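The following features are taken from TrEMBL:
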type	residues	note
DOMAIN	B:4-182	domain 'Cytochrome c assembly protein'
TRANSMEM	B:20-40	transmembrane segment
TRANSMEM	B:60-80	transmembrane segment
TRANSMEM	B:92-114	transmembrane segment
TRANSMEM	B:126-146	transmembrane segment
TRANSMEM	B:158-178	transmembrane segment
TRANSMEM	B:198-220	transmembrane segment
Amino acid sequence: MKALLIRDLRLATRAGGGFGLALAFFLIVCTLVPFGVGPEGGQLSRIAPGILWVGALLSCLLSLDRIFALDFEDGSLDLLATAPLPLEGTVAIKAFAHWLVTGLPLALSAPVFGLLLHLPGPAYPWLVASLMLGTPALSMLGAFGAAVTVGLRRGGLLMSLLVLPLYVPTLIFGAEAVRRGAAGADPVTPLVFLAAITLATLALAPFAAAAALRVNLR
Amino acid sequence: MSIWEYANPVKFMRTSGAVLPWVAAAAAVCTVAGLVWGFLTPQDYKQGSTVKIIFLHVPAALMAINIWLMMLVTSLIWLVRRHHVSALAAKAAAPVGAVMTLIALITGAIWGQPMWGTWWEWDPRLTSFLILFLFYLGYMALWGAVENPDSAADLTGVLCLVGSVFALLSRYAVNFWNQGLHQGASLSMAPGERMSAVYRYPLYLTMAGFFLLFLALLLVRTRTEIRRRRLAALLARENRA
């Protein structure tokens, strides 16, 4: 398991692995929004929690097809499927690697992007906390979407249609926590719901993703 | 009679062919009679004639949810017992469900414009119906994208299971996110909020009509799918010869 994790991390961080692409995309989203809605600080700080969460969600989506597609093409996914490690474990490890190279950097760097959008001061810790709690669910659900569409030509577009509706509950609770933090209200309730969704997703989605992978490898 | 007998397409085609005209006729009678009766009801003292949209809106919304539930059950039957007709029935039901969702959304917008003063409001019920519509679209797109029919049935089955969990989760998450404008249950049995009998009986009739309509469409579409499968098998055999 550790070997697989290290291999995936190496593949993602070396040249052509697309590491940092998600962060760059997040930066572009945060740059474009003020052009769209106007540079007025008050308006920006009002919509900042939502924009930051939607931006994080889209940047996460961007690199999802890499979770399985390359391994599917060169056949190493077949080897992983016949390896002694259960396919559910493989899926969970690959989703974890995806989180380490996209979700974690996004959560840690989000305060910088918050500055760009005039996020109100008290919201910063909650922004990081909600992204830390929520992005693992995004990676895991994304792994499910990638597993369903791995065998398809031009599966990327279809995958976003399948995955984005699944992101709705995570987005609602994540953005709500930041919004409450910004307003000075108590953000613990949405954070608890967010943690519940993430834990349930981590527990159940690997089985669905592995079932889909087995169908696609048949 | 058990559903396992109808895993045999020949048996299914024979029975469904015999039942279909009766179901279709009953659907036409109930829907038309219910809608005409509904149209002739007196105007509501507050809502005026717009109250009559309920005879399209409520049955469509009811079917939109129940068709997804039916797809969940048929997908499970396929995944567990490899019941081919069951998988095809799930495939056949999806577009009907998507259209029902769309009818509920559109009639709701037409009613909402004069009553709430807006075509669309980010109300929990409206939002969760929009999300349900997205789930229908994704499900149908996946059926269209996978070439091998058995893989397509498996993948869409798994998607239907996961989607059901998240559709339900979204339904309650949006409650948290915004307060509702939509009224509570339309068919409450509590004495104080019970709908007047003038509107209730035609509504029951259109609900029965929409259910029968769905059943008729489902049978027609499942029969078409089975014939398409047979045609594909025949063509494959011809190509091999």
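Each residue, glycine too, has its Cβ placed from N, Cα and C.
Two recorded stretches are said to be in contact when at least 3 C-beta pairs lie under 8 angstroms, sequence spacing 6 or more; the transmembrane segment (B:198-220) and the transmembrane segment (B:126-146) fall short of this definition. The listed stretches are B:20-40, B:60-80, B:126-146, B:158-178; of these, B:60-80 has the most Cβ pairs under 8 Å to the transmembrane segment (B:92-114).
Non-local neighbours of the transmembrane segment (B:60-80) in the same chain are 3, 86-87, 89-90, 93-94, 96-97, 100-101, 103-104, 107-108, 129, 132, 135-136, 139, 153-154, 156-158, 160-161, 164, 167, 207, 210-211, 214; each lies 6+ residues outside the stretch with a CB under 8 Å from one of its CB atoms.
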